[in-house]
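Report on the following structure.
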Amino acid sequence: MADAFGDELFSVFEDDSTSAAGAKKDKEKEKWKGPPGSADKAGKRLDTKLQSESASGGKNKRDLDVEGTDEPIFGKKPRIEDSINEDLSLADLMPRVKVQSVETVEGCTHEVALPADEDYIPLKPRVGKAAKEYPFILDAFQREAIQCVDNNQSVLVSAHTSAGKTVCAEYAIALALREKQRVIFTSPIKALSNQKYREMYEEFQDVGLMTGDVTINPTASCLVMTTEILRSMLYRGSEVMREVAWVIFDEIHYMRDSERGVVWEETIILLPDNVHYVFLSATIPNARQFAEWICHLHKQPCHVIYTDYRPTPLQHYIFPAGGDGLHLVVDENGDFREDNFNTAMQVLRDAGDLAKGDQKGRKGGTKGPSNVFKIVKMIMERNFQPVIIFSFSKKDCEAYALQMTKLDFNTDEEKKMVEEVFNNAIDCLSDEDKKLPQVEHVLPLLKRGIGIHHGGLLPILKETIEILFSEGLIKALFATETFAMGINMPARTVLFTNARKYDGKDFRWISSGEYIQMSGRAGRRGMDDRGIVILMVDEKMSPTIGKQLLKGSADPLNSAFHLTYNMVLNLLRVEEINPEYMLEKSFYQFQHYRAIPGVVEKVKNSEEQYNKIVIPNEENVVIYYKIRQQLAKLGKEIEEYIHKPKYCLPFLQPGRLVKVKNEGDDFGWGVVVNFSKKSNVKPNSGELDPLYVVEVLLRCSKESLKNSATEAAKPAKPDEKGEMQVVPVLVHLLSAISTVRLYIPKDLRPVDNRQSVLKSIQEVQRRFPDGVPLLDPIDDMGIQDQGLKKVIQKVEAFEHRMYSHPLHNDPNLETVYTLCERKAQIALDIKSAKRELKKARTVLQMDELKCRKRVLRRLGFATSSDVIEMKGRVACEISSADELLLTEMMFNGLFNDLSSEQATALLSCFVFQENSSEMPKLTEQLAGPLRQMQECAKRIAKVSAEAKLEIDEETYLSSFKPHLMDVVYTWATGATFAHICKMTDVFEGSIIRCMRRLEELLRQMCQAAKAIGNTELENKFAEGITKIKRDIVFAASLYL
């Protein structure tokens, strides 16, 4: 028989054998029985008022045809062979990698990713002396990793913070130095590079540093550098690379950073195949996938050594706001104690409104701050210091630290030492800089053993505080989460002042990955028998969220690869490699390729299931199925009319019977108690009608009412007595409104009063065996909208078709209908899986690459045959800001008439990235150039939009922030740091960070000017560097 699933819906109207003549109109006229979507399976209650015969006659036929579904519900009958053929062509796409497990001791897993055509050769034990001896016994994972390095094979070491990953890196350095090879150690941030340089230098001496800010001994055998520097060395074909045998990537999990992660990916792709790697990472669940990518990319084995082992086990406590004690929720064996968790949440509930923060998750009442004080005091009394207190904003950090002024944790002897270290550190500052408020305010705190660490601090103070903390002279350190990155400074206790953070878009619970990274600072190896983590919670949290947060897994390493113009231009400039290659080889693309076999499997299984389902008289059943689907769709449209507040609110009086149904839960009938407008709807949130919340008395499962808010209530199971509870429900979740109203008791607090309402509801249902009567949208609710009338006409016509269909009264209807539904769902699954396949097979971002090349051609950076032009060569020199806009400005002569101070101030817009509430009032000498720059940016946005690149002009323009223009200008004219700090509300540390980035950009601008031979411009930028590079802004790092 032909396959019915290719039929369009209109075929419904072509079987005239059971035409309107045989219409069953003996259905009695009765009250509105609800929108057609609410029909039971056999369509028993779809009998709305049937109008005259013409409802299904000529006038409506065209209407109904138009309503037909856009595509066949079922495609052609799928054939298994098709997907097998697809499979064959996939073989070429799939990365040729296999993974072998290696036997190892407990508490550590060892796998190796190999090219598919290579056999695994077990690692050979070391012959002769080790490249480096250690004074302590190595852990299993360290021994395994060192064996890989001894065998000259790449390895990814994934372990918790402070588990001792650095040992593996040091060994690779020692081996390279012994073999007279060069080795590069890269780290994500300059501050971390400085610290690593210090450590490595003390260990090996033959060590250099390159961070962009500072270059020390660049001919050394071991070079510590930021990933950005390594990337530019690779693009420039630096000689150094020829001698490199090992590259060590520290904190490789940084690769998921949305802004800078792409630099790691570029660098790893550009590195030659003969180099070996050591990757150090926090715990990542998909470490094996990363190793497979490295193997696929560089045609060499890559080992994964993974351990969850913590040398010091952790205990996790919750401190509920308003309570006065700690609750152990995860013990040192990693077991989640649900009863303790629920007790803590109960304390929070009892503390009531006092502990309630406002909607944004900030502290409320007066208890907030004193809680931190209470806990810190308790930590000191129990001798659990040193403690790191994590807050999610710089302001909170400082506010909490200042509350500690009454406490003193240091002895007189320690105070003297703090003062000595502090004075030595700031010795390099000028007398004037020593008097800066930040410098003067922090010393009294430090002497009492209290420190602050966030991005707004002067770098020199930040480093002083790190040194004091590592020497045990700071007992309580108030820090933002940046302190959890990289630098190995463990404490005994970690305290979170909040479980929610603002991530630039909204307030949310912190992720389990963030929690793992920060809480990993607790517990010092060899000093503490266990680490303590305390989480302050001031908002109710369900056990699910709690468990997910405290016991969840680390965040996977997902690629954040995206194209940049600098990347595209550099790849066009380099002979051997093109941008398409970079896209194909990216981890981003690899992760999508890895999904292919799973999708193919899914298609295969679905098609087998599809072919197994045999429906007798299939064509007929499908016609009937489509009619019912269409009725359900129209039913939804009617519901939308009924839900409009102007129509339904007058009927939601107390006592009205309503049916409540949300996505997964059907509560059945309940009784309206009250309704109110939802207050916190944002005016621009795109919600046209204000949201109304109806309080409905519903039968809920007792379990769901136990430990969470009533919003999370679930319906009682059929066999459960349940409990009547008032639940807030949004209007659109009311699936039906009845004509019936019941009397409800005035006081609904006593359980008996609420349960009495349930008896009344059951009585109503007994009285109306055919279903509780519903409000008719036209007759009862008085909706006069023409649109609704049209929908009802269509419903009547479709119902007519349904009642007159031979299947409608068939005793087997239920069975065949369920089969048909199942088959339709499988057909949809197959369709979406095939779409997924198609997507996975195309190289991602290829369209964007085409658009970007189009922009480069139109702006004259490259020719139509992808040959780079002069403009493009200039743009290649600029990597730390918007290379397109800066090159355009240069070629348009925008900098020619500016003084070096003006040019420097204008460039600050490109490197300042923070938010400042104050917009400076700029003088014309700064506002003029800013306007010209914005005009130039508008032109680029316009060209980009014409080249079909998704770009929002306003967002693009607002990414250049002029907030520090006047500050930089004043600094460049010779003002003191104290003076410029008073000009803005931006933190001192942020000003310095902006200046240092600015100096880096000025150096790149010098190179760019040199590339076009414009000496005057080159000198102007060089003069800018001289003017800003002075005093505290460029005070050398204490680690160097």
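Just so it is clear, glycine is given a Cβ too, placed from its N, Cα and C backbone atoms.
Swiss-Prot annotations:
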type     : residues : note
REGION   : 16-77    : region 'Disordered'
CROSSLNK : K24      : SUMO2 cross-link
MOD_RES  : S38      : phosphoserine
MOD_RES  : K49      : N6-acetyllysine
MOD_RES  : K76      : N6-acetyllysine
MOTIF    : 250-253  : motif 'DEIH box'
CROSSLNK : K356     : SUMO2 cross-link
CROSSLNK : K682     : SUMO2 cross-link
CROSSLNK : K721     : SUMO2 cross-link
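For K721 (SUMO2 cross-link), the Cβ neighbour count at a 10 Å cut-off comes to 11, with all displayed protein chains included. The secondary structure of K721 (SUMO2 cross-link), as reduced to three states from DSSP, is coil rather than helix or strand. Shown for the motif 'DEIH box' (250-253): DSSP residue counts in helix, strand and coil, namely 2 helix, 0 strand, 2 coil. Summed and averaged per residue, pLDDT over the motif 'DEIH box' (250-253) gives 88.
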